[in-house]
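Before any comments, here is the structure.
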Amino acid sequence: MLPPALLRRSLLSYAWRGSGLRWKHASSLKVANEPILAFTQGSPERDALQKALNDLKDQTEAIPCVVGDEEVWTSDVRYQLSPFNHGHKVAKFCYADKALLNKAIEAAVLARKEWDLKPVADRAQIFLKAADMLSGPRRAEILAKTMVGQGKTVIQAEIDAAAELIDFFRFNAKFAVELEGEQPISVPPSTNHVVYRGLEGFVAAISPFNFTAIGGNLAGAPALMGNVVLWKPSDTAMLASYAVYRILREAGLPPNVIQFVPADGPTFGDTVTSSEHLCGINFTGSVPTFKHLWKQVAQNLDRFRTFPRLAGECGGKNFHFVHSSADVDSVVSGTLRSAFEYGGQKCSACSRLYVPQSLWPQIKGRLLEEHSRIKVGNPAEDFGTFFSAVIDAKAFARIKKWLEHARSSPSLSILAGGQCNESVGYFVEPCIIESKDPQEPIMKEEIFGPVLTVYVYPDEKYRETLQLVDSTTSYGLTGAVFAQDKTIVQEATRMLRNAAGNFYINDKSTGSVVGQQPFGGARASGERDIPGQPRLVQLWTEPPFTPLAVSPPLGDWRYSYMQ
């Protein structure tokens, strides 16, 4: 990380020189992806994590709303339960009501003026420091809270709450620094200079349970660009989300730039969309919720001081398409990881698999063999666990209902798994289903659980099957094609051009890396906000304006041809 003084000097600098303005472009801020630690037996990182997990045993952390730089404790108290041990209340938190949310909006609007004027170098420095804290002394804490609170295994927590969140903070800082260096052409003797300012008003950040990193990014990216944010974290990710918020504050984030406001969803949505100061919504969640927010914004357009910007990612019904030329080992390993890691609770998880008849006996045998080795359990006590419980009782009931549908449908056959048990935690066995009907609802609708449905197609009808892949569902987030035949890969890439925002070849549909594979979809999967690339920080700036365009003094107001 660059020291503050050096970081400032790396940015666009300018100074008065007589009657003109002199400036130069920014240098690039060097960052790299955070290494993923192994957590092998006896390693320092494993020992530190084990201690952090032990510290959380049977503990309930009290979490306030943070509004106006004050911890506010309301009477509307809620609890976050550990998914794999719902007898453990990991967090006690309170909801903000409409009055408190309006107070937060007022505090945000007041804080914006000073925050937006702060040099981007100073703002970036805060997020770089937070990244260093997450990479070092606070790593074990954020991993343990993500594991216990959201049911992640050590590797899934490491990928999410450490590596990806650190990458978001560092790469966004890089993108912000470099954006300042993008300047218009200056033709002597004139000099043009642009400033990238934050949006006028406040941004509402609404984050999901399944990635600690997403919460930090939804709130952090707009704040980095000079905006003020009301952050509504997920009830089922409260423990880790509050830890991220505290780390940002300890890294130097000023009061009221991000305010931490757990709230009832409809209350939060109604309040922010009725405020004249709303300038943006940064969202990850369900399609119905995002559509509702869009409608609320549309209905209130006449009251806003500016047109709000809406960015949203809404999940997917992601596919793996297998051609007869595919490598079976890659298909099996990639599909098991994509479908069942974190219990299928990733927006990018594979939930529909298309397999040619010629390979189905081999792939089926391998899938069932490897499926029998998957261990589902308590990831805090057994690091051999591949995935844990689903997030809460609501998710458990939804997935169980789909499995009951699979048992009763004549076109569906359960090949493995699918047992459910909520006596201790919300456990669902990874389930593999074969469908005779490619248009069966289970092939169309997002389940968000450890359920993989397979459709076996005649080898010679691969083109028709590619059309099915493209047209079956309303989503368009991620997908993968497995084929060794380059001609088939090219053809599939053309035919599935609009079927996925992140399209993989001979690799699983999950696992995008910040700065390498910017993540986002289209269709019902969202507005394509594209975290992980420069466009994200640009989204949260006003169109640049020219504060100084220095030219020779204008003489006669008339043009020469008029004389």
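In case you wondered, yes, glycine gets a Cβ from its N, Cα and C as well.
Since the structure is predicted, the reported quantities are computational estimates derived from the model, not experimental observations.
In the shown protein chains, 27 other C-beta atoms lie within 10 A of the C-beta of Glu313 (active site, proton acceptor). Per Swiss-Prot, active site, proton acceptor is recorded for Glu313.
Neighbour density for Cys347 (active site, nucleophile): within 10 A of its CB lie 26 other CB atoms from the protein chains shown. Taken from Swiss-Prot, the feature active site, nucleophile covers Cys347.
What Swiss-Prot records for Ser207, Lys232, Gly285, Ser286, Val287, Pro288, Thr289, Glu446 is NAD(+) binding site. In the three-state DSSP classification, Gly285 (NAD(+) binding site) falls within coil.
For Ser512 (substrate binding site), the same-chain residues that are 6 or more apart in sequence and have a Cβ closer than 8 Å to its Cβ are Ser348, Asn502, Pro518, Phe519, Gly532. What Swiss-Prot lists as substrate binding site is Ser512, and the listing cites similarity to another entry.
For Lys30 (among others), the entry in Swiss-Prot reads N6-succinyllysine, with the evidence type similarity to another entry. The Cβ neighbour count for Lys30 (N6-succinyllysine), using a 10 Å radius over every protein chain in view, is 10.
Annotation note: Lys92 (N6-acetyllysine) sits in a strand segment as assigned by DSSP. Taken from Swiss-Prot, the feature N6-acetyllysine covers Lys92 (among others).
The DSSP secondary structure for Lys113 (N6-succinyllysine) is helix. Around the Cβ of Lys113 (N6-succinyllysine), the number of neighbouring Cβ atoms within 10 Å comes to 9. Annotated N6-succinyllysine per Swiss-Prot: Lys113 (among others), in sequence order, evidence recorded as similarity to another entry.
Here Swiss-Prot flags Lys129 (among others) as N6-succinyllysine. DSSP classifies Lys129 (N6-succinyllysine) as helix under the three-state reduction.
The N6-acetyllysine annotation in Swiss-Prot covers Lys129 (among others) and is backed by similarity to another entry.
The feature N6-succinyllysine is assigned by Swiss-Prot to Lys174 (among others), with similarity to another entry given as support. Its own atom aside, the Cβ of Lys174 (N6-succinyllysine) has 19 Cβ atoms within 10 angstroms in the protein chains shown.
Look at Lys174 (N6-succinyllysine): DSSP puts it in a helix. Residues or ranges marked as N6-acetyllysine in Swiss-Prot (evidence: similarity to another entry): Lys174 (among others).
The feature N6-succinyllysine is assigned by Swiss-Prot to Lys346 (among others), with similarity to another entry given as support. Sequence-distant contacts (6 or more apart, same chain, Cβ under 8 Å) of Lys346 (N6-succinyllysine) comprise Asn210, Phe211, Thr510.
For the recorded site, Lys375 (N6-acetyllysine), the DSSP three-state label reads coil. If you look up Swiss-Prot, you'll see Lys375 (among others) marked as N6-acetyllysine, on the strength of similarity to another entry.
Around Lys461 (N6-acetyllysine), no same-chain residue six or more apart in sequence has its CB under 8 Å from its CB. The feature N6-acetyllysine is assigned by Swiss-Prot to Lys461 (among others).
Spatially close to Lys508 (N6-acetyllysine) yet at least six residues away along the chain are His320, Gly334, Thr335, Arg337, Ser338, Cys350, Ala480, judged by Cβ distances under 8 angstroms. Reduced to three states, the DSSP call for Lys508 (N6-acetyllysine) is coil. What Swiss-Prot records for Lys508 (among others) is N6-acetyllysine.
Residues or ranges marked as N6-succinyllysine by Swiss-Prot on the basis of similarity to another entry: Lys508 (among others).
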Next on the checklist: Return the count of C-beta atoms lying within 10 angstroms of the C-beta of Thr289 (NAD(+) binding site), excluding that atom itself.
Outcome noted: 17
Checklist entry - Roughly how many angstrom lie between the C-alpha atoms of Glu313 (active site, proton acceptor) and Gly285 (NAD(+) binding site)? => result 7
Next on the checklist: Within 10 Å of Cys347 (active site, nucleophile) (Cα to Cα), which of the recorded positions Lys92, Gly285, Pro288, Glu446 do you find?
Outcome noted: Gly285, Glu446
Checklist entry - Which one of these recorded positions has the most other Cβ atoms within 10 Å of its own Cβ: Lys92, Lys129, Lys232, Lys375? => result Lys232
Checklist entry - Per DSSP, Glu446 (NAD(+) binding site) is which: helix, strand or coil? => result coil
Checklist entry - Where the record says Ser207, Lys232, Gly285, Ser286, Val287, Pro288, Thr289, Glu446 bind NAD(+), what is the longest distance in Å from one Cα to another among those residues? => result 24
